[in-house]
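See structure below.
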Amino acid sequence: MARPDDEEGAAVASGHPLAKGYLPLPRGAPAGKESVEPQNGPKAGTFPVNGAHRDSLAAASGVLGGPQTPLAAEEETQARLLPAGAGAETPGAESTPLPRTALSPRRFVVLLIFSLYSLVNAFQWIQYSIISNVFGGFYGVTLLHIDWLSMVYMVAYVPLIFPATWLLDTRGLRLTALLGSGLNCLGAWIKCGSVQQHLFWVTMLGQCLCSVAQVFILGLPSRIASVWFGPKEVSTACATAVLGNQLGTAVGFLLPPVLVPNTQNDTNLLAYNISTMFYGTSAVATLLFILTAIAFKEKPRYPPSQAQAALQDSPPEEYSYKKSIRNLFKNIPFVLLLITYGIMTGAFYSVSTLLNQMILTYYEGEEVNAGRIGLTLVVAGMVGSILCGLWLDYTKTYKQTTLIVYILSFIGMVIFTFTLDLGYIIMVFVTGGVLGFFMTGYLPLGFEFAVEITYPESEGTSSGLLNASAQIFGILFTLAQGKLTSDYGPKAGNIFLCVWMFIGIILTALIKSDLRRHNINIGITNVDVKAVPADSPTDQESKTVMLSKQSESAI
């Protein structure tokens, strides 16, 4: 049973007034020529702008002596995304009902399947690094070669993110999900053929395919949340989708040291253990690919929110991927978030990749505990992610929450850095948990904040750019911290990350919070909240409309 929009954003029955709706312009009518004749009642084809009727706006504009600027075709589409006046009755609403919105039960199945195959992909990312000394000894390669099995995820992401987000925006969610799950499955099976000491290149090939699969995975959490979930659960859904990836990292820290213990004096046993891990991963990845093909759908029958309904109502032929990219890079708050998200997430990638080396420097023979510390870091981060998602859904305080979590992550990193060498491994568990709670908990915050300040640009594009930034910073930080750790010790490498995270705090404080999607969902009328670039000609029209309304009130 569908519920009213004011309860869960779940459903709006046909004929519901447009008090909190959008400006649906007729696609067949010429822009700017709806109706300007004085009349007693609303005429078919006339529509309100920000709660005021076009006729009254035209009259007020005439009194001021200013010409009325007609909407271009592109601006007409963007105008559909502007909210009508909050709390104002809309003339002619009975003949122009809002699209019906409803929440589909299938959304939980989609979210679960995605989270699980994202988990397997993240597991394959970290499964080498957490026992880097074991794999290095088995294949007879240096630790840098093993680090590259992790860094290839970051390297592959950067050049492939643009075609991947284009595919997501133009071919849809289902095809992107199938590619991510399918390539993840294929890469896992290729690794099964690499369990011989001279076949390091085969395991690298399989890892490369898994890294390509990651490109079709990391950008999906915010898109799945927006397409399938209502406005009061969208942040929690995004956090849950990110949670799957984090859980995969946690399992990747926990299982490899247990499944593949350090038995380099018995090569056959070591090969058997590695083979067991690879075949088990392949079986799970295959099952998830089959489930993705069966149960993963493009979108629900009805949009889950008014913001999503407005986007789906926009003609697809007017979408331009290149223009979307340009709009995002013209958005200064998003550019700042792009840098700060890259710093924080890149630091997390670097710490995760080098954790085994840092722990073994001070605690020899503690491979299993190194994995458990990584598990603690990620599990604490999973709790942080869910709590942050719930908090955002409840308060919508995106910038404040992001800034506070960033500061606490920096403090956690400082504490971790200066307690690592005290000789008490239980202390590393505690400080690692604190660091992970905030650092990993930040990941869904960045995704959701980006969607808010860039609406109505594609969630996949904004998330993809954030992840690309994270991969670039992750590569640079891993190489730099790895070099500093090898030459000067783990403390020097961690201080390097602390300096960058402090810079990230300053840049986060400079981000202007403009919650466009949230304002659309609650129907706030604000000429600053509009789905157009900052330098669009529609800016000028919005000012003219506001001036006309003031003139009308004065008259």
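Cβ coordinates are placed from backbone N, Cα and C, and glycine is handled just like the others.
Unlike curated entries, TrEMBL annotations are predicted automatically.
The structure displayed is predicted, hence computed values, not measured ones.
The compositional bias 'Polar residues' annotation in TrEMBL covers 537-555.
Marked as domain 'Major facilitator superfamily (MFS) profile' by TrEMBL: 110-516.
Look at TrEMBL and you will find 1-51 (among others) tagged as region 'Disordered'.
The annotation region 'Disordered' is assigned in TrEMBL to 534-555 (among others).
TrEMBL lists 108-128 (among others) with the feature transmembrane segment.
Per TrEMBL, the feature transmembrane segment maps to 148-168 (among others).
Per TrEMBL, the feature transmembrane segment maps to 198-222 (among others).
Taken from TrEMBL, the feature transmembrane segment applies to 276-296 (among others).
As annotated by TrEMBL, transmembrane segment applies to 332-351 (among others).
Taken from TrEMBL, the feature transmembrane segment covers 371-391 (among others).
With a threshold of 8 Å between CB atoms, the same-chain residues lying at least 6 positions outside the transmembrane segment (403-420) that come near it are 340, 344, 347, 358, 362, 384, 388, 427-428, 431-432, 434-435, 437-439, 441-442, 445, 490-491, 494-495, 497-498, 501-502, 504-505, 508-509. The transmembrane segment feature in TrEMBL is assigned to 403-420 (among others).
The transmembrane segment feature in TrEMBL is assigned to 426-451 (among others).
Annotation comment: TrEMBL describes 463-480 (among others) as transmembrane segment.
Note on the transmembrane segment (492-511): residues 333, 336-337, 339-340, 343-344, 347, 350-351, 354, 358, 399, 402-403, 406-407, 409-410, 413-414, 416-417, 420, 449, 453, 477, 480-482, 484-485 of its chain, located 6 or more positions outside it, place their CB under 8 angstroms from a CB of the stretch. Annotation comment: TrEMBL describes 492-511 (among others) as transmembrane segment.
Where the transmembrane segment (463-480) meets the stretches 108-128, 148-168, 332-351, 371-391, the count of C-beta pairs under 8 angstroms peaks at 332-351. Long-range contacts of the transmembrane segment (198-222) within the same chain: residues 114, 117-118, 121, 124-125, 128, 139-141, 145, 148-149, 152-153, 155-157, 160-161, 164-165, 167-168, 173, 176-177, 179-184, 186-191, 238, 241-242, 245, 444, 447-448, 450-451, 459-464, 467, each at least 6 residues beyond the stretch ends and with a Cβ under 8 Å from a Cβ of the stretch.
The stretch in 108-128, 148-168, 371-391 that contributes the largest number of Cβ pairs under 8 Å to the transmembrane segment (426-451) is 371-391.
Confidence in the domain 'Major facilitator superfamily (MFS) profile' (110-516), given as mean pLDDT, stands at 86.
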